[in-house]
Every structure is written in C-alpha cells, then in structure tokens.
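Here is the structure we will look at.
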Amino acid sequence: MAEHLASIFGTEKDRVNCPFYFKIGACRHGDRCSRLHNKPTISPTLLLSNMYHRPDMITPGVDTQGQPIEPKKIQEHFEDFYEDIFEELSKFGELESLNVCDNLADHMIGNVYVQFREEDQAAAALKALQGRFYSGHPIIVDFSPVTDFREATCRQFEENSCNRGGYCNFMHVKPISRELRRKLFGRNRRGQRSHSRSRSPSPYRRREKRDFGDHHRRDRHGRQENGGERRRRHGSPRRERSPVREGSEERRARIEQWNREREEKQA
C-alpha cells in the first residue's frame with residue numbers, strides 16, 4: 001500500500017494531495033481545494049505571487065490611460081522588469097531559472113518563479129523580500145514545490161497551439177529575447193555582466209526602479225530609498241555545469257522529507 005501511495009503521489013489518481021499544486025505550486029481553488037497543498041518548509045524555488053503587472057493588464061493592447069500600446073513596448077516593459085528582478089535576486093546566489101507566467105487566471109497571473117542553485121540561497125532571498133514592495137505592491141513570497149519546470153509548463157503554448165489561452169492551468173512562460181538570456185544566463189560571464197542594453201530605458205522602467213524597496217529602509221535624510229539607489233551592478237558566479245533537473249520520483253521523495261521535518265519540528 002505504501003508503495004502504491006508513493007507511486008501516485010501528486011498525480012490525478014492521488015485523491016489526497018493536489019496534483020496542480022504539486023506541479024505548478026498554485027491551484028485555482030486556493031485554500032478551498034478539497035485536496036492537500038503540501039507547502040514545503042524549504043526549497044530552492046520561490047514563488048512571488050502576482051508580481052508582474054503588464055501595462056495592458058486591463059485591456060490587451062491598451063494601457064491604463066486607454067491609449068494603444070505597441071507589442072514592442074509591452075515586451076520592452078517586460079524585459080526591463082525581468083532584468084530588474086534578476087539583478088535583485090542574484091544578490092542572494094546564482095539563479096538556475098527565472099520564469100514569469102503569462103497566464104490570466106487569478107492564481108497564476110504575473111506569478112514569478114525563481115530557482116536558486118542552493119536551498120539556503122532561496123531561504124535568504126525569502127527572508128529579505130518579506131515586507132518589501134515592488135511598484136507600489138507588497139511582495140508575496142513563499143517556498144514552492146516546483147523544481148522541474150518541464151512538468152509545469154504548457155507544451156502547447158510553446159508550440160503556439162494551446163486552445164485554452166491565458167486560462168490554461170499550466171504555466172504559459174513569457175519568453176525573453178535571446179540577447180537578454182545570453183546576458184543573464186550566459187556561460188561565458190567574466191566577473192561582471194555586460195552593460196545594459198543600448199536603448200534608452202522606458203518610462204515604465206523608471207517607475208519600477210523607483211518603487212522597488214521596502215517600507216522601513218530610509219536614507220540618511222529620512223527619505224525612503226528605492227531599489228535603483230541601493231542597487232549596484234556586480235558579477236555573479238560563473239556557472240560550471242548544466243543544472244540537473246529532478247524527476248517526479250525525486251521531487252515526491254523531497255516533499256515527503258519536507259513533511260517529515262515539519263512534523264518533527266511540530267512534535
């Protein structure tokens with residue numbers, strides 16, 4: 001029986017544990033779900049819920065002032081956000097991956113998933129981000145059970161064939177340009193990352209840079225500091241090897257270990 005339960009853990013056949021929370025770290029039913037959400041007490045992956053706010057969130061192709069906005073400007077806005085978040089999170093350790101959801105459902109819209117190389121790096125980032133704000137919104141951050149994004153992402157979306165659109169229950173990962181990916185995740189980084197892209201920063205970037213901070217950090221004049229004032233560009237460790245992804249069995253074993261550790265602490 002124990003072997004059978006272990007084999008179906010986190011699958012549709014599992015009537016106890018939620019398969020969607022196991023795969024993508026989010027569930028459309030939330031706390032009302034009839035199945036358990038096994039929230040890890042430690043993980044290399046963090047979920048920053050509903051963090052990215054695209055400029056045409058209310059009406060596709062139209063900004064909040066009702067003016068049309070070009071797809072190129074929307075992508076620039078996203079890549080500015082992506083680079084800003086990458087630089088901030090890199091302060092705590094090397095990032096294996098950084099994924100932003102393009103889904104529209106409430107439990108997934110704007111979700112940011114960041115996977116660090118080490119669990120203690122993720123723990124340090126979580127502690128530092130709690131109580132902080134970004135672009136005027138509080139940062140909601142938790143450990144996530146997701147360690148293999150291949151099982152969490154929608155393959156049909158990657159092939160431009162998903163018929164569920166933005167309300168698909170699997171991740172629609174918003175892509176970044178090859179240039180930016182090479183810059184941030186490239187293997188041939190030497191000490192410092194390359195300079196910012198040559199184009200002028202958009203007004204969206206200036207606003208977000210100003211608002212990345214927390215409510216208790218202030219400068220010597222008593223003014224609240226923003227993320228751009230505190231941020232200094234610096235190099236990140238060179239990646240020595242390709243990341244080794246865990247399979248379903250390894251992740252199930254890891255979550256079972258998390259649960260045992262949590263029970264031991266509560267005992």
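Positions of Cβ are set from backbone N, Cα and C atoms, glycine also.
The average pLDDT the prediction assigns to the zinc finger (12-40) is 83. Positions annotated as zinc finger by TrEMBL: 12-40 (among others).
The domain 'C3H1-type' annotation in TrEMBL covers 12-40 (among others).
According to TrEMBL, the feature domain 'RRM' maps to 44-146.
The zinc finger feature in TrEMBL is assigned to 148-175 (among others).
Annotated domain 'C3H1-type' per TrEMBL: 148-175 (among others), in sequence order.
Taken from TrEMBL, the feature compositional bias 'Basic residues' covers 185-208.
Annotation comment: TrEMBL describes 185-267 as region 'Disordered'.
Marked as compositional bias 'Basic and acidic residues' by TrEMBL: 209-229 (among others).
Marked as compositional bias 'Basic and acidic residues' by TrEMBL: 237-267 (among others).
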Requested in this report: Tally the residues of the zinc finger (12-40) by DSSP class, grouping H, G and I as helix, E and B as strand, and everything else as coil.
Outcome: 9 helix, 2 strand, 18 coil
